[in-house]
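Asks: Below is one structure. I have some questions about it.
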Amino acid sequence: MKFIQSDHWQPKGIDELEPNAWQALSRRESTSVIAGPGAGKTEFLAQKAAYLLETGLCPPNQKILAISFKTDAAKNLADRVKERCPEELSNRFVSMTFDAFTKNLVDRFRMALPERHRPSKRYEISFPTFRQEKSLISSFRNNFGNAVGIYNIRQRLQNMNQFIGSVRIGDSGLLWLEEEFLDFWLSQQINYADGISRVSFLALNRLAECIVRTNDHVHRSIRASYPIVFVDEFQDTTFAQYDFLSSVFKSSEVEVTVVGDYKQRIMAWAGAKGDAFHQFEADFSAQRHSLLLNHRSSPELVRIQHVIARAIDHEVREVQTSNNNLISGDAAWICCSYNVNQEAAHLAHWIANDMQGRSLNPRNYSILVRQKPEDYEQQLSHYLAQHGLSLRNESVKIGQATLQDLLAEELTILFSTLLKLGLGHRNAQAWNQLSADVRLLRNTTKEDEKALRQVERQLALFISELKDLMRQSFRPDNSRLVFERIIAFIDLNDLRKTFSRYATGDLLEINLAALEEFFTNCVDTQNSWTGLLDEFEGTNHIPLMTIHKSKGLEFDTTIFMGIDDNAWWSYRPGDSEGLSTFFVALSRAKQRAIFSYCQQRGQRTKIADFYALLSAAGVQEYVIPPSVVV
Ligand SMILES: Nc1ncnc2c1ncn2[C@@H]1O[C@H](COP(=O)(O)OP(=O)(O)OP(=O)(O)O)[C@@H](O)[C@H]1O
């Protein structure tokens, strides 16, 4: 393949990069990129990947490792690289979540762990609750009595994630009690009477760190395979994740580029490290670059965002936007209602009118809430249905996965593309992507023309058989057959061999079970293949999700419900994480942000800050007349 000269390379799929982005892109040492919402941080990583791959600066025997926090974010980044680079280059871009990466290391090299710290071959992932953590700490205290008071252990255990992230398994520098706690905490996850360990992602992280640090062969081979590493949403890096990164890549030739926005730091409760950028810049001798444009939101929304941004950081610089205001009237307002029916009726009516007036579709809107989306679902669905619209809770659990994560899985995407083509959709892009994926699954190389032609023939034959089968009927027994045939065609063994995250452990089984459950639910509620596909993809549903799940996404209009003391029960005035959460929600909108306050849901005393900031930004408040209730 012919490489492009680095000074001739041009960005792909976008017009231009701002000057600071160009500097950060061409820098061949560790770099941090800090920028506000919509500045194009994820896009920057995709462009940098294209630059390094297309110019040969990342040579054919090496790969780029990109680490994200959420499955859909990892997928989104991989897709952007696929769109911008030929397949033989984008195949060398490995995009994974932190959790998938560390789990994969433990699954592959668990025998390198000391026996007492080694999870069973087949283990389950556990998600310890706050209460379970507290009870573990109190049993430890019971065992070690007054000793827990020494070395500040009692106090340090109040932030478990920070404590665990700062102690390394088998480190000779550990204090006696630190080592005791680490052993106690691990043994509670590893030793079960039935022989099956229940291990949390935090424990997998510490085990992976131990493997890499103590096994020179593994350590060297990771650094050699991935001389270039990207980390997206770096502000959310936990203590343990940072420690893992530095253990693996610090003091090496590896170029690490991290991007993020400290104003969007909303994972401190899950152990995010407050000073991650500063520490990274010091530890990796990284140079900082700031981006100063917003490519997402309209000028009016950017102005409002800046008022909130300043409350988080007084020194934040004003950003410019390259977008226009596409709507007439206000870009943001607060609507106040007395009760939940009035609120839902008003919002449903407004969405239906706006959607029709501006020829938008349901997925241009999103309903964002702080917590418990199910508390908002019923009323809003009821009133939306009166306008022929529907809502989908994207945070809902399907088996052991959430719907949003399930939809971002490679398995699900292959499945739904096959379903779409089986239904007779003529979609050249879907076909090209699918045939590229199937070539990858069957491990064919571009040079082996015979094998390529065979794969293409098999795919065409399968689609034609699928079309015949789907034409027959849409009865449950037939749809079951369609499900089984598609899964058999994908071939789980090939999937395992192709995607390293599925290679070991039970992630594929978990997702397959969730996919089957979701598919069956769709079959049960629909009476045609077209209806099923729309239901599967959520085409006609307005998404409802938590703010945490909305990170990295964007919508024309966001409607933010439940801005009251009950939903924000943990908020204390001036709490920067609360303000950042509010900021993340506001910054998802491209053109319009609506804030809905409902008196019946709670007071607005504790969170008066939010309303004061909106008022300072000139956002008007309207009271919905009681007559709106239907
Ligand atoms: N240089 C650019 N020119 C034009 N559009 C761009 C550019 N960079 C990004 N975009 C577009 O701007 C939007 C935001 O980009 P992106 O998601 O990469 O931003 P981000 O900084 O990662 O956002 P956030 O932190 O808010 O999630 C996307 O629609 C993207 O396609």
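Including glycine, each Cβ sits where the backbone N, Cα and C put it.
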Asks: Identify the coiled coil range according to TrEMBL, selecting from 263-297, 438-472, 473-507, 508-542.
Replies: 438-472
Asks: For Pro37 (ATP binding site), which of the three DSSP-derived states applies: helix, strand, or coil?
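Replies: In three-state terms, Pro37 (ATP binding site) counts as coil.
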Asks: Under 6 Å from ligand 1 by Cβ, which binding-site residues from Gly36, Ala39, Gly40, Lys41, Thr42?
Replies: Ala39, Gly40, Lys41, Thr42
Asks: Taking the Cβ of Lys41 (ATP binding site) as the centre, how many other Cβ atoms fall within a 10 Å radius?
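Replies: Summing over all protein chains shown, Lys41 (ATP binding site) has 23 other Cβ atoms within 10 Å.
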Asks: Give the number of CB atoms, excluding that of Pro37 (ATP binding site) itself, located within 10 Å of its CB.
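Replies: Around Pro37 (ATP binding site), other Cβ atoms within 10 Å: 25.
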Asks: Within its own chain, what residues at least 6 apart in sequence put their Cβ under 8 Å from the Cβ of Thr42 (ATP binding site), listed in sequence order?
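Replies: Residues satisfying the criterion: Ala73, Asn76, Leu77, Arg80, Asp232, Val259, Gly552.
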Asks: Residues other than Ala35, Gly36, Pro37, Gly38, Ala39, Gly40, Lys41, Thr42 within 8 Å, Cβ to Cβ centroid, of the ATP site?
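Replies: In sequence order, the nearby non-listed residues are Glu43, Asp261, Leu291, Asn294, His295, Arg296.
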